[in-house]
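> Positions annotated as domain 'Major facilitator superfamily (MFS) profile' by TrEMBL: 1-417. What TrEMBL lists as region 'Disordered' is 435-454. Annotation comment: TrEMBL describes 20-39, 59-83, 104-126, 132-153, 223-246, 262-280, 287-309, 325-350, 362-383, 395-413 as transmembrane segment.
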Amino acid sequence: METADTHTHKQIQLDEKENCVALTSLSAIGTPIGCLLSGYVMDNFGRKKALIATQIPTIIGWIVIVCASNVGMIYAGRVLTGFGSGMVGAPARVYTSEVTQPHLRGMLCALASTGISLGVLIQYTLGAFTTWKFLSGVSIIVPVAALILMLLMPETPNYLVSKQKPEKARRSLARLRGSSYNIDREVEQLQSFAAKTNASGKKSLSLRETVQALVHPSCLKPFAILTIYFMMYQFSGVNTITFYAVEIFRDSGTTMDKNTCTILLGVVRLIFTIVGAILLRRCGRRPLTFISGIGCGLTMVGLGVYLYFKHQWDTAVPPIEPTATWFPVACIFIFITTCTVGFLVVPWVMIGELYPMKVRGLVGGFTTCMAHSFVFIVVKTYPFLTHVLERHGTFILYGCFSFVGTIFFYLCLPETKGKTLQEIEDYFSGRTKTLKKPKAGTNGQQNDENDGQQMLLANGTKPAVLSPEKNKLLP
């Protein structure tokens, strides 16, 4: 028979679980709002100022959590930190993509994802051994350091050219590229492209011009691609594994320590984020996306099937001892490995690549808003799905999403490796047919044939072939 103490203990556990879910959800609520605001700030005040402004609510939020004396203050702090993390997403990628050269852009943009993975590992590790107040205090260090360092960085040359400030763009490039670089040539290229796309006609766009730019195919096509990418990526189950890692390890029946598994998960995520950043430069965006889609699908289905059998073993009379408890742990670790090299890197890099200069900040903010909205939906629907489909059915569903996403990526995702931002914008605007490089010798052979045909038509006869001879000059 249940005693009063037992009932009270269960009620406390239930309240703690509800508070945990509420804290996770509150962070996800504040994030999309910050995303939308970041786009406006980026396009109207600059990338640098947007990155400076985004640190302020994050710092205030962590201070509120450290000083919290009740649950309400913790809720308020989580909303502010979520708001700040939403604001920083698009400006960080857009700034990096605009200050780097094409051959380094993918790898350097991916460093933001590496930083996130490092933060997850630090939170997992410290969270296992310290109090939440100490952990919150440590978390203040990152936005404070980012604020100070960003004050020392220049504005992006792309933004300065679009605002008719070529001299400031030259000074920015001189700091970014060095004195030996041909700065005037790059500024001229930026000015030429801005003139071609009407991105430098005014210092700011009117409402009508902004709407026209947003509904143009050069904006709508990449927005649709990235929105579907983020939806498929989030519904592969990555944030479910991240937020509910300890609970999933516990329910999988493994005999390994749950906190140790979670910390190891953070280590694996960090290592393979670095691997993904390196492979992004060598392999491109599409191959890494396919690896993630297929790997996530197989591992989620595998985990779901194992949990189905474990459910049968637990409900048997008498209960059957689970076997192969290493299998669900392996599925989770392989899932994180494959997911990290592609899904956790590629779409965030492409936010800074695919959009036209005129509304890059604004649409980048919309995209990160959609991404974090999907995070909120996945986090909130996970308890509901586990209630309706059981845990095994939920993970199988996530696996199916990954397989469907892989088909979509194969059909629609462009390869932007090694392409300039101008080439990518030309492709989505329809000014060029493809982003693929022409095969070596194909164009040259066709041009030679065309030239020969033109000469034949002009002269009426086939041109003579000259044979060089030793010690004689060609006529």
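Quick reminder: no glycine exception, Cβ is built from N, Cα and C everywhere.
Those TrEMBL annotations? Automatic predictions, nothing curated.
Because the structure is a prediction, the values reported are computed rather than measured.
Relative to the rest of the structure, where do these features sit?
Within the chain carrying the transmembrane segment (132-153), a Cβ under 8 angstroms from the stretch's Cβ atoms is held by residues 48, 51-52, 55-56, 58-59, 62-63, 65-66, 68, 77, 81, 84, 119, 122-123, 126, all 6 or more beyond its ends.
Beyond the ends of the transmembrane segment (223-246), by six or more residues, the same chain brings 24, 120, 124, 258-259, 261-262, 265, 289, 292-293, 296-297, 300, 332, 335-336, 339, 343-344, 346-347, 350-351, 354-355, 363, 366-367, 370-371, 374-375, 377-379, 382, 394-395, 398-399, 401-402, 404-405, 408-409, 412-414 to within a C-beta distance below 8 angstroms of the stretch.
Beyond its flanks by at least six residues, the transmembrane segment (262-280) meets 106-107, 110-111, 113-114, 116-118, 120-125, 128, 241, 245-246, 249, 288, 332-333, 336-337, 340-342, 344-346, 349, 417 of its own chain at Cβ-Cβ distances under 8 Å.
Outside the transmembrane segment (362-383), and at least 6 residues removed from its termini, the chain residues within Cβ reach (under 8 Å) are 21, 24-25, 28-29, 31-32, 35-40, 42-43, 86, 89-91, 93-94, 210, 214, 219, 222-223, 226-227, 230-231, 234-235, 237, 239-240, 243-244, 347, 351-352, 355, 394.
For the transmembrane segment (395-413), the list of distant contacts is 225, 228-229, 232-233, 235-237, 240, 285-286, 289-290, 292-294, 296-305, 307, 385, 389: same-chain residues at least six beyond its ends, Cβ to Cβ under 8 Å.
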> Short question: which residues 6 or more past the ends of the transmembrane segment (287-309) have a Cβ under 8 Å from it?
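Long-range Cβ neighbours of the transmembrane segment (287-309): 229, 232-233, 236-238, 251-252, 276, 279-280, 324, 327-328, 331-332, 334-335, 337-343, 345-346, 390-400, 402-403, 405-406, 409-410, 413.
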